[in-house]
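S.K.: Supplied in structure tokens, the structure appears directly below.
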Amino acid sequence: MSLVEEYAEGEYERAPKRLKTSEAEEGEDLEEGEDSDSASVGLPGDEEDEPGPGGDNRARWAAAKYVGGRKEDVDDAHRIAPSPVVHVRGLCESVVEADLVEALEKFGNICYVMMMPFKRQALVEFEDLDSAYRCVLCGTKEAVYIAGQQAFFNYSTSKRITRPTNADDPNSGNKVLLLSIQNPLYPITTDVLYTVCNPIGNVLRIVIFKRNGIQAMKAKAALNGADIYAGCCTLKIEYARPSRLNVIRNDNDSWDYTKPFLVRRGSHCPLLPLPSNNRFKRSSHEIPEVVSYPLPQTSSYMGHASSSVAMVSGLHPTKMNCIRIFNLFCLYGNIEKVKFMKSVPGTALVEMGDEYAVDRAITHLNSIKVFSKRLNVCVSKQHAVIPSQVFELEDGSSSYKDFAMTRNNRFTSAGQASKNIIQPPSCVLHFYNVPPCVTEDELLQLCKEHDVPGFIKFKVFDAKPSSKTISGLLEFDSKTNAVEVLTVLNHYQIRIPNGSNPYTLKLCFSTSSHL
């Protein structure tokens, strides 16, 4: 997360914010493959909702008519009472609040918009019930397009979208914004946030802190819903509770722009020499005016390390091999090659797709424990992994393996990469691509057969009747147990009787902290 204190001067018009309601929390916390049970019922034309096997279990959408302050009866047993809040579904992935306002303001004044990330849904609150009625009724009679894609509407079960502190008072004087960066595939630093926000208003201070993902408190509602880089690092902005930020040093995680010469604490001699390239140093070029920046492969305002090779030490001598390193590191970028060093036992070189994948792996995997050994992950001086001095590891496998052509790499295209939610290790694993016939007991037996800890809680997401696979969550006693299970069982081949091809079990760390 990060805190940013905005403009020293210059008022700006507040754009609609993304805010949590009971509906939004359900939609936002869902894992990949789980259907939403949020504010309103299903709608025609939404391909994600299929009829149940026992009949038409799909709830029908009702445009409950509201005229002259009363409802007109509609022959629909699943009708929802009229509400100023409209639930919108079927949105494209790139839609932002401004698109909704532009498309729906013709029905009446809009008070508030709340997006549901990754679910292609939103809540729109109108000033009065008649405006909401016109929106829902129009959606049932003709196609309404938002950002070029047809959307579907129904009343929400909520009568009002809950606002955070100060959200209803534009004149409250709070100049601190909370920025949540979703899907942070690339490093987010004070320089990146300053470059994005300063063109809109003078940024005074930035503080970055981390939780499940990266968040930042900063400066601008006009950027709400925008991507820092194309297809990733999406900004979600709302007012923060603090009215001022306290910055004690200027570095990659915090910066006081009113005190550019703020000295870092301590005057000890450096433990390591400076790297050849300062990967987070901004140049003095003119700040770009575009909100969605290209992928930072040749970024003019962010230098980066010249090596895409990570060095991993502290590996268990008998339980770690090239495949298990791949299983763990592939969550943060493509893996090209893995090679164990003969001269340094318990150490391996991992060549990844780019320097940013190495950054992500270092951020999330350095110092974690795997098989009672603490990993040390850092940037290697090598620019590529060369298959020299290949030998046999203690488990009988080769010390070198090329993964460049494997289908299990998860960042092979921009579309595929954008579906990966970069998460630090947690005690909850998300599993998917599992055949429907596999049971909880069979998964526990699989853990037992491979000598890894079993899970303590199990959850399967509801799947379409036509779905050939299932997905869900597994909760473990500790983060270490979850890491070990992922390292061993990720990409395990599940074979079923009379099945022609095996299913590849896929695991990743969940955004949920518990079940």
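Just so it is clear, glycine is given a Cβ too, placed from its N, Cα and C backbone atoms.
From TrEMBL, for reference:
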type	residues	note
COMPBIAS	1-10	compositional bias 'Acidic residues'
REGION	1-58	region 'Disordered'
COMPBIAS	11-23	compositional bias 'Basic and acidic residues'
COMPBIAS	24-37	compositional bias 'Acidic residues'
DOMAIN	84-158	domain 'RRM'
DOMAIN	308-382	domain 'RRM'
S.K.: Suppose you look only at the domain 'RRM' (84-158); what would the mean pLDDT be?
M.R.: 88
S.K.: Taking DSSP states H, G and I as helix and E and B as strand, how many residues of the domain 'RRM' (84-158) are helix, strand and coil?
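M.R.: In the domain 'RRM' (84-158), the DSSP-based counts are 24 helix, 28 strand, 23 coil.
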S.K.: DSSP-wise, what's the residue breakdown of the domain 'RRM' (308-382) into helix, strand and coil?
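M.R.: Residue counts in helix, strand and coil order: 22 helix, 25 strand, 28 coil.
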